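Report on one structure; see the data block that follows.
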Amino acid sequence: MNSFAATNRNFRHAAKLLGLDSKLAKSLLIPFREIKVECTIPKDDGSIHSYVGFRVQHDNARGPMKGGIRYHPEVDPDEVNALAQLMTWKTAVANVPYGGAKGGIGCSPSDLSASELERLTRIFTQKIHDLIGIHTDIPAPDMGTNSQTMAWIFDEYSKFHGHSPAIVTGKPLDLGGSLGRDAATGRGVVFATEALLAEHGKSISGLTFAIQGFGNVGSWAADLIHGRGGKIVAISDVHGAIRKSDGIDIPALSKHKAEGGLLKDFKDADVMDRNELLVQECDVLIPCALGGVLNKENAANVRAKYIIEAANHPTDPDADEILSKKGVTILPDIYANAGGVIVSYFEWVQNIQGFQWKEEKVNMELQKHMNDAFENIKSMCKTHDCSLRMGAFTLGVNRVAKATTLRGWEA
């Protein structure tokens, strides 16, 4: 099941648990606006190439729409729609005053030079600049984009609208980015993991972890878990996977990667098949890469007791059902990886205030938001006698439904 179908299924289940009016439920699913643009740029070799860009603005009942922009060959309207809708529920779960949006360009960033990426980003911004805004829709980095991409969007947007650092989050510090933003999603994952484990009378120290993905989120999560006494027994990235039963030396691995080494060439661990990581024996499995990696083919073989969804939609509904029957506790993506959008909100607030927070304040406020959200999810689970996933969905959908009704927008 693709992410669009799975997200709609989860929404419908949440709406049923909440007893939402059918007309209101239908209106909450319909995006506010869908944008498709052609971005034609000159390549470095003098040829002309056109790329399709998308921006889906899903809902603005609770505030300006918020969501990343990804550069990936498989970007398509269904995926962007699903992720925009997920952002609506995620911002509501995190209780930050945003709605949901998502965008992307169908391209392979590794095949484009830095100058080509800049031209593509600026053309895309020119095409959508009058449909985004600091109180309308605020983009952020996502797969295939980074702080430099946001710097180009900020600069191009400001040519039309004046100096506007709050137009994007995830910017470089020198352009108004927030301290702590780089680590925010990974740190939020760790705070979420601590909240869940505490509920079960456990802590990170002494438990074993397998982490799929060693990019920004996975590397920060691994470093912070290692620092808290957790034992990372397996880790993977796009180039391969490694394992070590008594724990991988994460600082040494990070140094190896920073020096240009490949994960699979790290000497102090054994190479393993990347697909085996998901069924590695461990206490906690943290998928930090692509969606749909846990499915009906491999779910029965998962040996972790807890799954923390640091990626978007890593568990498809069939796997969800299998894992639940096995007694595996799943912390859903719309809560577990919300650290990024929470600190994006802090960055936006700082830009509007024109005042930078200290990193300690950013991290303290992030932990408070993650802990508060977990308590609210538990309350919904108790009220509706449901899983953590449905607890999170009912929490998010209910907040958006209330805002919609109070504003008089219901169908």
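A Cβ is built for glycine as well, from the same backbone N, Cα and C atoms used for every other residue.
Lifted from TrEMBL, the feature list:
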- Lys102: active site, proton donor (ACT_SITE)
- Lys66, Lys90, Ser344: substrate binding site (BINDING)
- Thr185, Asn216: NAD(+) binding site (BINDING)
- Asp142: site 'Important for catalysis' (SITE)
Using Cα positions only, nearest of the recorded positions to Asn216 (NAD(+) binding site) (Lys90, Lys102, Asp142): Asp142
Cβ-centroid neighbourhood (8 Å) of the substrate site, Lys66, Lys90, Ser344 excluded: Gly67, Met87, Thr91, Ala94, Val96, Tyr98, Gly100, Ala140, Ala338, Gly340, Val341, Ile342, Tyr345
List of residues, in chain order, with Cβ under 8 A from that of Asp142 (site 'Important for catalysis') and at least 6 apart: Gly67, Gly68, Ile69, Arg70, Lys102, Gly104
Protein Cβ atoms within 10 Å of Lys66 (substrate binding site), excluding its own: 28
Nearest of the binding-site residues (Lys66, Lys90, Ser344) to Thr185 (NAD(+) binding site), judged by Cα-Cα distance: Ser344
Per-residue Cβ crowding (10 Å cut-off), top of binding-site residues Thr185, Asn216, Ser344: Ser344
Cα-Cα distance maximum in Å, computed over every pair in Lys66, Lys90, Ser344 that the record assigns to substrate: 13
